[in-house]
Amino acid sequence: MSIKLREIFKPEYVQKEFYTGGHIEWTPDGHNLLCQCGPRVSILNIETTTLAGTIPQRTESVKTGDEEDEEDESTDSVIAFTLDPTGKNLITSHKSGLLCTWDFNERKLTKSWRHLHKGPVTKLSITSDQIIASGGTDSIIRLWQSEKAHCLYALHGAQGLISAMKFLQLSKSEYWLFAADLQSEIHVWNCDDGKHLFKLQGHFSTVTELTFYKKQYLISCGRDKVVILWDLESKSQLKMVALYDCLETMVVLPEEGFYLQDLNNELKNTHVIPSGICVAVGGENGELHVWDVKNNVPISKEYNADSQSIKSTKSITNMIFNETRSTLAICYVDNTVTLQSFGPQHSKLTLIGSNDEILDVALLGNECSRSLAVAINSCDIYLFPWHKKKIESDGDCEIDKVELGVCCKRLKGHTDTVLCLASYKNFLISSSKDHSIRVWLYCNVSRTANCVAIGTRHTGAINTVAISKSLDFIVSASTDTTLKLWKLPKTFKNDEQHILSVKLTEVGHEKDINSICIAPNYQTIATGSQDKLIKIWSASDLSVLGVCRGHKRGVWCVRFSPIDQVLLSSSADTTLKIWSMADYSCLKTLESHDSSVLKGGFLNHGTQVASCGGDGLVKIWCLKTSECIATLDKHSSKVWALSIVDDGSIMITGGTDSRLVVWHDRTEEVRISEAAANQTKALQDQQLQNLLQNEQLLPALKMSITLERPNTALKIIQTLSKQGQGQDLKMVFENINQEHKERLLNYIVDWNSNGKYCLAAQLVLNILLEDIMLGKLTINQEKLQGLMAYSERHFRRLTTLMTNLQLLRYTTNCMAPHLSNQ
């Protein structure tokens, strides 16, 4: 049976960032979470945990990684945003000095204006009456009427940067504005007349959050590690609660009650009905404090909101509570978002706002319950669920598409950056800079993994690790230049961690070992090092069987072929090489990358190779011809990770640009689609010839435009013009769609540049001119200038011709009497 090449891969899923730090906000119905993301505001669908859209929207055209980065760089960055209480309008402040109002449902810009501040606007707030408050770095707060973009008042009194700002609605039309400044003072203004009412003093460091309770109390927290309860009637301080944590954010919990997870039993929730004012506060320590500030009583013990180890604790930067869902969204400094339920059904979801540098990926589980393990320059491993769904292809048939989403589970255990992942079936092996390797056992039901074994015998960072498909042993290599073979236990217990024992240890290379792999027969091991050498080892005693020499720089990756006695290697010398395991000689050298080749692998029954490199490109090679048959461009920087799934039907890549791209092999679908298109085109060509043969010119003109035959269309138009059927063209052009009219307009630009065809071009242009003037047809400036220039030239030429004809007629008439006398 002949093996068909896999030539066409499409990036049908790209995991993009949706939160890069800053403000977040719930929609009133709790269905979406709005997150600040560079030049845009991302809209995250909570039900599906997928990106539902952005404001402003991205262009839909397919772009490479570099083009996407250029688009983001050219977009005006969002500094702050807020959603009005009705959920209809979104207000954004931009780096360019603009305030913009967006229709949230339509995702369209409705109004933009200059904010008049001397510096950037860092805080925004809005009332249900569409009154906007903008707080800048110039110590001034401005009140705006949203519809007319009119500045109502400039509020003075604050000093320095506005660190927190919020409206309080006292009655249907009366609002007070509270704002904290650089002097740790809280100022209050009346929004009706813009007068400064009073200020509250009590904090000794930056006030980071303001919130209200029943229009009677103000609660503030700051980096002075205290929460203060204020009585707004007496304008005095009631309580000061010391929490010994630099506080960044705070929310008031429902007064009717909420549920907290029992620390002793994860499956049990405790219903809390507060007797005072309960708040949830987070800050630098990454701990979630739930406190009754009125009675100065802790509701629950201080605990780490994300249950992380001390070394991997991450600060809480923002929190926001949605009463509709009874869910608290907690943002961390590493741009992860945890959705923690305070309802009767406890749940916790971790969302990756933006990936760090992706170092490695590995697939786990069976066909029905897969997860992708990702090492993202962190001491934790992230597990993304592998979702398959059906989509319609061009050939009206359903095909599978894989999506990962942004919801994941964390595997905690390592205390330093995870460098490498290796997997087989339900086993995941990880290696780290903490000099250890860990064995994780994946559960297909819960789609998570538990650490069941640990090995700590290396004295340096462990760069690479591999597991044998017999599940008997693991091999690892480190910056200490040693190669270790670990014995893998036959059985594991989930409630305890086995200590892996080292069976064999050898000094492998003179420099760091970058890659290691085990042959399909489990008998040999290959290592690639920075010393430019590839060594082949016996798995039984770690004796050297052979050395492959030929690379001019360090070797980044080695992989055995699944069917042949050959080895693939990739190097910093921009080449890939195929080595014979019989005599360790180089069989082929593959050259096409412009930078270091970081990863490689066999696919399609060992007949093809996939590689990725420092140039941001993924390349597909045919080993028979040693040619690169496809270059895939969706990354904008180094591609460190490459995983080949189902023998190449799916590939996953990730790299320095933080993108996780899932490539699907669509070679067969595209070929079927192209064959169907060619067959349809052949039938249409025959129909066109039949129409021309029968002199049915008007239907033939319409079909020639459909088939993109400008020369045939030109000849038909010229024929109709000579036959005096120019008016019939209008009827034809009225019945063609907008795409064909735009295509015809492009033909006109070319025809008009030639004097032989200008009459046909002007005839068609005269018919399409009405659509152009009404805005139904658009023409860019360059084409318009070309049309005008050539049209003026043709007009001058025809005017000169008519003048000469009249002069010739005059001369003929003058000569006529003399000719008759003769």
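From the backbone N, Cα and C atoms, a Cβ is placed for every residue, glycine too.
Now, the feature entries from TrEMBL:
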COMPBIAS  66-75  compositional bias 'Acidic residues'
DOMAIN    685-815  domain 'U3 small nucleolar RNA-associated protein 13 C-terminal'
REGION    55-75  region 'Disordered'
REPEAT    114-154  repeat 'WD'
REPEAT    200-240  repeat 'WD'
REPEAT    411-440  repeat 'WD'
REPEAT    455-488  repeat 'WD'
REPEAT    506-547  repeat 'WD'
REPEAT    548-589  repeat 'WD'
REPEAT    590-631  repeat 'WD'
REPEAT    632-673  repeat 'WD'
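Same-chain residues lying 6+ beyond the ends of the compositional bias 'Acidic residues' (66-75) with a Cβ under 8 Å from its Cβ atoms: 38-40, 56, 58-59, 616, 633, 636, 657. Per-residue confidence over the repeat 'WD' (411-440) averages 94 (mean pLDDT, predicted model). Using a Cβ-Cβ cut-off under 8 Å and counting only residues 6 or more beyond its ends in the same chain, the repeat 'WD' (632-673) has close neighbours at 4-17, 64-66, 68-69, 354-363, 372, 374-375, 384, 393-395, 397, 399-404, 595, 598-605, 608, 610-614, 616-620. Sequence-distant contacts of the repeat 'WD' (411-440) (same chain, six or more residues past either end, CB-CB distance under 8 Å): 307-309, 311-312, 359-366, 373-375, 377-383, 448-456, 458-469, 471, 474, 476, 478, 486, 488, 492, 498, 500.
Through the fold, the repeat 'WD' (200-240) approaches residues 163-166, 168-170, 178, 180, 182, 184-186, 188, 246-252, 255, 277, 279, 281, 283, 291, 293-294, 296 of its own chain, all at least 6 residues removed from its boundaries and within a Cβ separation under 8 Å. Same-chain residues lying 6 or more positions outside the repeat 'WD' (506-547) and placing a CB less than 8 Å from one of its CB atoms are 463-470, 472-473, 475-479, 481-483, 485, 553-560, 562, 567, 569, 571, 579, 581, 584.
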